Protein chains: 6
Amino acid sequence: MSASENNAPTTRADGRAVDQLRNVRVTRGFTTNPAGSVLVEFGDTRVMCTASVSEGVPRFKRDSGEGWLTAEYAMLPSATAERMQREAVKGKVKGRTQEISRLVGRSLRAAVDLRALGENTVNIDCDVLQADGGTRTASITGAYVALADALAVLKKRGVMPGEPLLAPVAAVSVGIVDGVACLDLPYEEDSRADVDMNVVMTEQGRFVEIQGTGENAEFSRDELSVMLDLAEGGLRELTALQRAALAADLGETVTL
Amino acid sequence: MSASENNAPTTRADGRAVDQLRNVRVTRGFTTNPAGSVLVEFGDTRVMCTASVSEGVPRFKRDSGEGWLTAEYAMLPSATAERMQREAVKGKVKGRTQEISRLVGRSLRAAVDLRALGENTVNIDCDVLQADGGTRTASITGAYVALADALAVLKKRGVMPGEPLLAPVAAVSVGIVDGVACLDLPYEEDSRADVDMNVVMTEQGRFVEIQGTGENAEFSRDELSVMLDLAEGGLRELTALQRAALAADLGETVTL
Amino acid sequence: MSASENNAPTTRADGRAVDQLRNVRVTRGFTTNPAGSVLVEFGDTRVMCTASVSEGVPRFKRDSGEGWLTAEYAMLPSATAERMQREAVKGKVKGRTQEISRLVGRSLRAAVDLRALGENTVNIDCDVLQADGGTRTASITGAYVALADALAVLKKRGVMPGEPLLAPVAAVSVGIVDGVACLDLPYEEDSRADVDMNVVMTEQGRFVEIQGTGENAEFSRDELSVMLDLAEGGLRELTALQRAALAADLGETVTL
Amino acid sequence: MSASENNAPTTRADGRAVDQLRNVRVTRGFTTNPAGSVLVEFGDTRVMCTASVSEGVPRFKRDSGEGWLTAEYAMLPSATAERMQREAVKGKVKGRTQEISRLVGRSLRAAVDLRALGENTVNIDCDVLQADGGTRTASITGAYVALADALAVLKKRGVMPGEPLLAPVAAVSVGIVDGVACLDLPYEEDSRADVDMNVVMTEQGRFVEIQGTGENAEFSRDELSVMLDLAEGGLRELTALQRAALAADLGETVTL
Amino acid sequence: MSASENNAPTTRADGRAVDQLRNVRVTRGFTTNPAGSVLVEFGDTRVMCTASVSEGVPRFKRDSGEGWLTAEYAMLPSATAERMQREAVKGKVKGRTQEISRLVGRSLRAAVDLRALGENTVNIDCDVLQADGGTRTASITGAYVALADALAVLKKRGVMPGEPLLAPVAAVSVGIVDGVACLDLPYEEDSRADVDMNVVMTEQGRFVEIQGTGENAEFSRDELSVMLDLAEGGLRELTALQRAALAADLGETVTL
Amino acid sequence: MSASENNAPTTRADGRAVDQLRNVRVTRGFTTNPAGSVLVEFGDTRVMCTASVSEGVPRFKRDSGEGWLTAEYAMLPSATAERMQREAVKGKVKGRTQEISRLVGRSLRAAVDLRALGENTVNIDCDVLQADGGTRTASITGAYVALADALAVLKKRGVMPGEPLLAPVAAVSVGIVDGVACLDLPYEEDSRADVDMNVVMTEQGRFVEIQGTGENAEFSRDELSVMLDLAEGGLRELTALQRAALAADLGETVTL
């Protein structure tokens, strides 16, 4: 089962070039109760990312001198084209949900120096209000901004021993659709992609996580290389946007 | 334990008169996947209310010729001042959540003629993005508007035997705070109220549901009467607002 | 959807006047292990109400100097006309069960001065042996008597700082059936009532809780008033019966 | 660890001889909703045993031409000296509960000819109102009587192809306490017994089930023999009592 | 329903005499992480029995000066002829599984002096890799050997106040198949047996547990006697094998 | 946080070169009930992989003309150095377990032509008997062999429309440990690796899945390249071993 043949920039169903991100928007201060609260939009995908802080750490980190960061991702039942059953009602968190929660947590821990955080805990919540592909990558990208705001709150409280915030971490999806490698897949492309890959990267261009899956077709090392090139381009734009959002006022919407 | 003494209009912590609603805002078309999607705001309380439609009915209604409406209410974990544990992760829906889901369902069923709906099902979802008291009453008030939009979608599909939408149903809270009956309590008042009451009413001024609870003090029949007067006043404004929202454009925010 | 038209005392299916309670019976000392154990019967509805006491309080009350009272309501699977699935086997407590448990707890807390109780806990259990309508109101009415017995046990042990038992709290249902307001509905009436209301009141005639629901029809303020009149009459009889039961011997059955 | 030495009839804490049953009482028609409803008492142990009938069988018996009987045993939380947590609230049925439910089901299936029952199902529920040892054996003994009543109901409905009720099945506990084999142990003896055995037997004196456990000491074959002798004596009395109860009127209490 | 008629040694489907065990094999040191790890085989039944040790005891044993031993039994989903659903995925442990776990725990506690163990805990795990009848009796027999190895580890660590290992405890099944009492039933016999009995015994010939069940037919006292004779013969061989295994080298397979 | 500096073949704690696999062993016919049953060993990691077949498909595949393959991965509680709690007892499958189960399923579906399988289902079970790193990659590698055997069984039954088995799929881990990229990490290396990557590949050298995670340090594109080189080398050996195992006799152990 062969996959991509050529990757010449073509036009996609939504008019974008293959190396073009969707319209990405970041709004800080979306709600006021959590220490950090960000609405992030990748096209029609809309995720509310919050970072809540509490003093103390879970048992396995107690007396380690280090803090902890954990994350939970979830979809509202009405986020998708067809309403999904609510996981709380079912009494079970789906494997997919847990997998993404774990990915978001690992990715954001790459953006925080746990020792400098001291024995404090950050809870990241990424709740998808509307889903159109790329919800996990939007979650990571938005959560970094919420995390930055939350750490600023902890700093003001004077409870942190150091400066835990590291350089931005962002994420984007790439994939091979109709034999062509594309950046930032909406649901319409994602659902029929031969290969789907999520790339999480630091501002310095180092990988935090790569997850590439060939559900309908396997992929060659060359195809991998083309996808990584696309991802790197998109991620440079996204980390610049994260920086811009953090420089803007609360409530202001910053876009690419 | 005596409660209210007098109810002369006074000024409250947020500057409102005792018979004054908070700033209430309704935005239709908040998201696009569900048939109806409304953002409703009562001051800082913000609830996303959606109505999803599907053909067919649950088993207990099969071959009844009637449709069904069911509702689920939930709070995002970061909606409250202190982050709450996610019910899906805990694997259990709290009693409070189930109780409110049932209330929302009963209230909205008073706004729909199940026979005219035919064997179709409406799922109402009320997800609280930000909580500041009155989340259940905001949910009911917003959900009516989402329901109206969803029934319009079903109508366009031509799958309903009749016109199931009945006149507006809205809800508001009243309570006795510091001995004074007040309309539409924010969290600050609600948490120290002697009596807390939720009133659900039709546009015609008939009660769908009354739930009055004296957690810290009991209440007399006269106090009940004063609270019901306040509620009726607020509910007239809310049903007018629901009508206005349904007359406005999708995406437009309508306010009192 | 209009409801009651007139409320002239008429005769019901079971021969009662509209303002007449069913045969109500209270037997203290029904079982011997719990500190308080009462069998309460409202006609064919039969509930075993117990109050168990333990020293110490749940975490959220620790070091508050106050005690706590909590309640659990449940139906035996064979209590109803058609056997119900056992909640423990299903692994889930139904919303209805949780809702009633919370109602019973709130109602009984209105009968106890938590500060005078000291850091002790009372667990109320209401297990329905046979259900014929009004199980929640019978539960509250019977549980008050069990609570009184349990507090007497704690007093004898000398572990309470004060006299926590307050005046009786009782509960009764009212509703509108075939357009007529009726007191104390058996299942046959309850299942076809247009309006169903539960009223919890202290001996002094103050409301602890009012829950009125129009499942099949809404109700006017006048209808509310008529129902509250009926409830008040019934509740005066029930609190007198509670007093009589507490004056009688253990094992003796006291009736209206 | 040796156990019993001699078994000469001695007097026990409650004054009984070693081969004497407690006061056993059986009341049919204890509640009216289930097809069979029996209150059985072995001393202070009190169990409500019901048998509910429904047409149709579980999937694994479908189209087998045979019926099915299943049983559930449970303790009310206030049945024991110290209140136990409610299994439904915990969301888990304890191993002990499941084990006894399975034992009751197997035992009662020995009293029914599933083929003669036809494709009907009997649900046995044994709910312990008060526990003082021997709750599982009281459950089996009482449930047989409830089963007989339930099958009579099915017979009247004319839905059974044959006469499924077989001869009585009863159960009793025996054990070695302070080196002496004793019949029908109350909690006080059971909790310090070296060996605990439950014997289920048909009226014809054949074993349905034997479960002997040496928690604190093992037992010899001779000791086993002495315990079985005691059990056989008690079981003859119990099956006679079952017959007597079925010959008595509903509501009448029959005793040894 | 009569059962066995005669018990003259006959030949069975697998060629064994009625009083003959299957080929039994014990391999110590099957895996290396747990303190004790044994593969036990009774014919085609294969169980991995491990004993893990930890310092400290569960809450109910704290400060008792005694240790604790607990056991868990489970079947791999592919152990049976037809694949079974995984209990972890279902979210529920079956009654059968819990019942056997409890039996294994009780049986092994008869082989350990909890006071000499000190406040240490032994966790027995019996995981059935392949099931062909007698999995619970194989589990007990193998687990004793794993327990012995685990206690030797604790002894080397010097954390035990005494010598807790008691003489061997082994288990075997007996049953009545086609009217003939047989020892050590494989699945083919077990599934059609009239009576099924599991006997757990110490090396001294005293019973730890007897569980006899007549699913398809009841059994007489004479039949019980014949079955116990068979069991005693088999158990003498099994305790000799346990002794031999403990005298052999780790990794060596010892057989009857 | 920089990671690997140089990758010159060095010697590791267990004496292997950086590009050397552990001793890998594959034994077909490990148990006899499932259609395919394989014991796979990567050094001390030992996994029992089975493939069970059933006719019919899950609901979402019904009438699609295609079959389905699903997989479940689990660890026995005693598989790890420190005993883990049993997921079935906890009532929850851990996120890690679900994530690996999903990975195994996706990987094996790349080895089967679902259309040629027809409406049949293959259940893969990977149960880790002993864990020493790389359990998920051993699972995938072994499961392919079990799958091949299971499809041969289905073929013999004549229920498949085609030849669904595709070329081998195998998996291996690579990582950066102490700055050096290494192949096939045991637990000792895995637990302190800066980067951990799992690579699933077809015999043709195309990627089915790549999952690279920098828990303690991010990694550059060059480091990624070095790791992929190592993985490809190992995977060529593993697919050759899978072919050799399938050519060997049942019960024979094939090794590198």
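From the backbone N, Cα and C atoms, a Cβ is placed for every residue, glycine too.
In the three-state DSSP scheme, A:THR135 (phosphate binding site) is classed as helix. Look at TrEMBL and you will find A:ARG96, A:GLY134, A:THR135, A:ARG136 tagged as phosphate binding site.
TrEMBL lists A:20-150 (among others) with the feature domain 'Exoribonuclease phosphorolytic'. For the domain 'Exoribonuclease phosphorolytic' (A:20-150), residue counts in helix, strand and coil come to 42 helix, 43 strand, 46 coil, using DSSP.
The feature domain 'Exoribonuclease phosphorolytic' is assigned by TrEMBL to A:168-232 (among others).
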Q: List nothing but the largest Cα to Cα distance in Å, as a whole number, among the residues A:ARG96, A:GLY134, A:THR135, A:ARG136 that the record says bind phosphate.
A: 13
Q: Sort out the sequence-distant neighbours of A:GLY134 (phosphate binding site) for me: same chain, 6+ apart, CB within less than 8 Å of its CB, listed by position.
A: A:ARG22, A:PHE42, A:GLY43, A:THR45, A:VAL172, A:SER173, A:ASP184, A:LEU185, A:PRO186, A:ASP190
Q | Least buried by Cβ count (within 10 Å) of the binding-site residues A:ARG96, A:ARG136 | A | A:ARG96
Q: Could you tally the C-beta atoms, other than its own, that fall within 10 angstroms of the C-beta of A:THR135 (phosphate binding site)?
A: 24
Q) How does the model score the domain 'Exoribonuclease phosphorolytic' (A:168-232) in terms of mean pLDDT? A) 96
(Q) Residues other than A:ARG96, A:GLY134, A:THR135, A:ARG136 within 8 Å, Cβ to Cβ centroid, of the phosphate site? (A) A:TYR73, A:ILE100, A:VAL128, A:ALA131, A:GLY133, A:THR137, A:ALA138, A:SER139
